[in-house]
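Undergrad: The following block contains the structure, expressed as structure tokens.
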Amino acid sequence: MSMYGRDPWGGPLEICHDSATDDDRSRNLDLDRGALSRTLDETQQSWLLAGPGDQGRKKKKYVDLGCLVVSRKLFVWTVGVLLAAAVFAGLVAGIAKAIPRHHRPPPPPDDFTVALRKALLFFNAQKSGKLPKNNNVHWRGNSCMKDGLSDPAVGRSLVGGYYDAGDAVKFNFPAAFSMTLLSWSVIEYSAKYEAVGELGHIRDTIKWGADYFLKTFNSTADTIDRVVMQVGSGATSPGSTQPNDHYCWMRPEDIDYPRPVVECHACSDLAAEMAASLAAASIVFKDNKAYSQKLVHGATTLFKFARQNRGRYSAGGSDAAKFYNSTSYWDEFVWGGSWMYLATGNSSYLQLATHPKLAKHAGAYWGGPDYGVFSWDNKLTGAQVLLSRLRLFLSPGYPYEEILRTFHNQTSIIMCSYLPIFKSFNRTKGGLIQLNHGRPQPLQYVVNAAFLASLYSDYLEAADTPGWYCGPHFYPIETLRNFARTQIEYILGKNPLEMSYVVGYGNRYPKRVHHRGASIPKNGVHYGCKGGWKWRETKKPNPNIIVGAMVAGPDRHDGFKDVRKNYNYTEATLAGNAGLVAALVALSGEGHGVDKNTMFSAVPPMFPSPPPPPAPWKP
């Protein structure tokens, strides 16, 4: 039971009825007497003697904060000051936000980055089919919308893909190599692409090619017996007036002649390269699981077809033999098998790619004048670099170590051959390496070598290896980068003619590119098969600038003829520009370095997990 009364100190007074003993109360009383014997100050005495009215006035003059009693005037003044300070701080913050800030502008992009952005636009200009709204090439439009459907022997849509060069033929062999090369560059340097705002662009470029390849065979089946190798015709017999993609000079949008489809039933090189292309793309798009698995399935079907139906796709004197002749399919087996392993993690592909007999057939041991020259025809050098990556970063050991060590050593020898001191390849007086031994159209081989050299130097750096040996001599990795840098700088204008061989880059570049779409104005006039010849023959510059196109390049004397009809100087190709893009992204930016892990995202651990520890012993 409790009672409440007024506490003279300003609060309620609680009187509790308890069961305390007399001794307890006596002790408490003694304590109270001691407390009362203490002398009170004047304020405390005034509170004790104050009447009811005085207590109200005291309450108004003071504020009880529980643990502290303060003057009401002081309390109000303090709260006011705090509120005013808060308002003032908010006002200052608002004004500060409203004032525009002058950030230090980012440094201008380096020359390689500027050229990279332009080089990617070339692929927009080469697109066939219904173009996306963001294609950004104003003089291009939808074209060849009946490909495949107009051929009674095929009867299905083959719309899409890329035109190979300055004509309108779709050659799947070099196009597949181009997409593989672009995918490889994204897997290694996606951070660089993202830093310059081009990652989405390059992914769209690769997907455009991959989607078309999936149309060229039954990609939902596990087993196939044919693959489309070409759409359009480029054959020009002497005296023939048959309209085709070489005889006619027309904008792709105006093509009205038949476009035949060529299929092959025994084409190991083509199918293995297409498998490599889809497999590499599946790693690029691993964030889209459904699409990535679709690409892997297509790649698996193609590689199975390549192994079961042996033969060169260009055998028999076809168009392909005249324009993109394949000398062997063994290098595609090593190349395609490597990519299939990286895309699936299936060790049977690695066993195939590292089989000594396969390497021997591919030319890994016999050398030759073109040994170490990476191109749309010979993939061995690229495969050796790719498998050297596997050894450097994963070191799978037995039973792969011996052949991987061989490939790694051969890669080192190839890198040595790029250096001027070893005289493996001639150079022009201006410094351009002659990887094709003075034959026309040299730049496509140069950019591929620049890419591999820069990439391999990044591999060595990522593996904490400062350089490599060429015989008894040790060379730092910067030597490789310097080789790659000087070759690309030559292409961008540091050459005797002071001409950039990339259209739209620099102040001086080719103006008469061998390209039908770029050379004919988009003026609403339909120029027929021979009606466009006048645009081929004119000496005037092209009315449309095909930005980013790397032309075939100079001759072995550093000479160049800006003549539209001379394709050995002025024609640009998919394969050439793919190598250019790869080399530029490898050299661009301030930092070096590759993404070590994305390439191995589908590869299982190289060694089995250790067994669990034994259970504790019990007696």
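Positions of Cβ are set from backbone N, Cα and C atoms, glycine also.
The shown structure was predicted, so the numbers you read here are calculated from the model rather than taken from an experiment.
Copied straight from TrEMBL:
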type     : residues : note
TRANSMEM : 74-96    : transmembrane segment
DOMAIN   : 113-584  : domain 'Glycoside hydrolase family 9'
ACT_SITE : His514   : active site
ACT_SITE : Asp562   : active site
ACT_SITE : Glu571   : active site
Undergrad: From the Cα of Asp562 (active site) across to the Cα of His514 (active site), what is the distance in angstrom?
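TA: The separation of the Cα atoms works out to 9 Å.
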Undergrad: Averaged across the domain 'Glycoside hydrolase family 9' (113-584), what pLDDT does the model get? Just tell me the whole number, please.
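TA: The predicted confidence over the domain 'Glycoside hydrolase family 9' (113-584), as a mean pLDDT, is 96.
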Undergrad: Out of these active-site residues, Asp562, Glu571, which one has the fewest other C-beta atoms within 10 Å of its own C-beta?
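TA: The active-site residues Asp562, Glu571 were compared, and Asp562 has the fewest Cβ atoms within 10 Å.
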Undergrad: Determine, to the nearest whole angstrom, how far the Cα atom of Asp562 (active site) is from the Cα atom of Glu571 (active site).
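TA: The separation of the Cα atoms works out to 10 Å.
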Undergrad: Tell me the Cβ neighbour count for His514 (active site), meaning other Cβ atoms within 10 Å of its Cβ, over all protein chains shown.
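TA: Excluding its own Cβ, His514 (active site) sees 25 Cβ atoms within 10 Å.
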